[in-house]
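Noted in TrEMBL for the protein shown:
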TRANSMEM  6-26  transmembrane segment
TRANSMEM  338-366  transmembrane segment
TRANSMEM  398-420  transmembrane segment
TRANSMEM  432-453  transmembrane segment
TRANSMEM  473-506  transmembrane segment
TRANSMEM  518-540  transmembrane segment
TRANSMEM  574-596  transmembrane segment
Amino acid sequence: TVSIVHVLSYLAGIAWFLALAFPPLTQRTYMSENAMGSTMVEEQFAGGDRARALARDFAAHRRKSGALPVAWLERTMRSVGLEVYTQSFSRKLPFPDETHERYMVSGTNVYGILRAPRAASTESLVLTVPCGSDSTNSQAVGLLLALAAHFRGQIYWAKDIIFLVTEHDLLGTEAWLEAYHDVNVTGMQSSPLQGRAGAIQAAVALELSSDMVTSLDVAVEGLNGQLPNLDLLNLFQTFCQKGGLLCTLQGKLQPQDWTSLDGPLQGLQMLLLMVLRQASGRPHGSHGLFLRYRVEALTLRGINSFRQYKYDLVAVGKALEGMFRKLNHLLERLHQSFFLYLLPALSRFVSIGLYMPAAGFLLLVLGLKISSLHEAGVGLEPGGSPGPSVPLPPAQGVGLASLVAPLLISQAMGLALYVLPVLGQHVAAQHFPVAEAEAVVLTLLAIYAAGLALPHNTHRVVSTQAPDRGWMVLKLVALIYLALQLGCIVLTNFSLGFLLAATMVPTAALAKPHGSRTLYAVLLVLTSPAATLFGSLFLWRELQEAPLSLAEGWQLFLAALAQGVLEHHTYGALLFPLLSLGLYPCWLLFWNVLFWK
């Protein structure tokens, strides 16, 4: 049975999380790194016209060639005095990416290195512009080249600066990073790099598609929920304030008034948006791939909306110049500030010590339930009346052998969910009138649904002695398995762990083969990992004030499934294996408990 303590613990976890956006728990951000906080620099960048002219040239050459104009970029970078190198790469995706319309991808990255006149090439900074097949980003390339020309004329650089233009968005970035660090983690084929600078200390990715911007939006969430050091974000905000630039987070202006209720409620909205983005484990910009290599990085996106105040490329260039000059002062890697935090606004943060109790209260429910089941199983005689803790006679005990079947079958379903969709895509595409990408998604859904029929088969191979003991021991194993998984996930990606705990913990505690089975079954299905993902998409669009209809939501859900599998195989995103190999088999154990005979 579920006691009042379980309910109170769960409610305390949810209430604690909602309270994170309110001032006692949310603190003002501050600069921790002494080398970046002591003096302000004077920005001198004035190459706005040059940046616009270069952007027009780049766009014209790109239209003409239909791909990244590599020769033009090499020529232009050399003309401003950089050491220029190119890197070719190719990648065959596990199945066609219908979102970006690509399958066999090959491209070229171009990068120029500005050598530091005041130091040996031991450390470097990166300014990168990702160029996709659909994104223009011409103004960002123009600004990058204009900044390179300006930086070339200065003598104070103590770190090398790498100006990098990548093709095919994140695929090009991943190819370059793997070659730079001499590793191959994703099966990318690429040529070795001819030129290198020092160890990369920090990186800024830039995305601009117009000459004028009304605000700069900053993206911090990286691959598998990694975040850059908070000082890098503080640095960006400092220079936006200095230059009078409007800066946004999650595409929203930050709340000003934290004394009334309006500010914290807006903050809660932004906090939820960040939690959903971080939980997805997707890199939200090419900076997200740098974080894997212990390089602090951000993506800055120029937004041109209908606001009255607009800023030109000079203002954006000055902010970038200020940031790079400050990063040039660093004596060691950014490490003084937080790596684990949540952001209800750009100027406010919640540190790990303050948000962890929210997940702790939810996991406490599982701990209490495990201890109560353990006591019920060990401290009761077979008759059910309380008595001394006598071990059960072998005939009535539940041997571990009887639990092996449901455990193995559930785990095998998880393995099938992970392996079969990509392996069997060609077979499915041959026998059914669907494309490969659709075949992968439909196979995923078919295997997921097939798992629901399992209890009708597993109970046949389970020992029939002491049937009550059987489901209780199976539930005990399932609860321990779930608690261990959620505990590990919360430590590495709090947002994902919290979302899964908030949905799975109540039904896990309630599951039993007595009472209203239909109600429990509906609740279990509604809190399964796939339903959580489906619901998260609706919440995400609701918070962005662009609500979805059910049909749109379903299409977005199918696209998200395909992208999740693709990103795992392409960049190493861990959400898909976590759900298929860990949480889905665990959820099937609770389904088995519910339909125990």
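The backbone N, Cα and C atoms fix where each Cβ goes, and this holds for glycine too.
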Dominant neighbour of the transmembrane segment (574-596) in 338-366, 432-453, 473-506, 518-540, by Cβ pairs under 8 Å: 473-506
Cβ contacts the transmembrane segment (338-366)/the transmembrane segment (518-540), at least three under 8 Å, sequence gap 6 or more: no
Surrounding residues of the transmembrane segment (432-453) on its own chain - C-beta under 8 Å, 6+ positions past either end: 95-98, 410, 413, 416-417, 420-422, 424-426, 525, 530, 558, 561-562, 565, 584, 588, 591
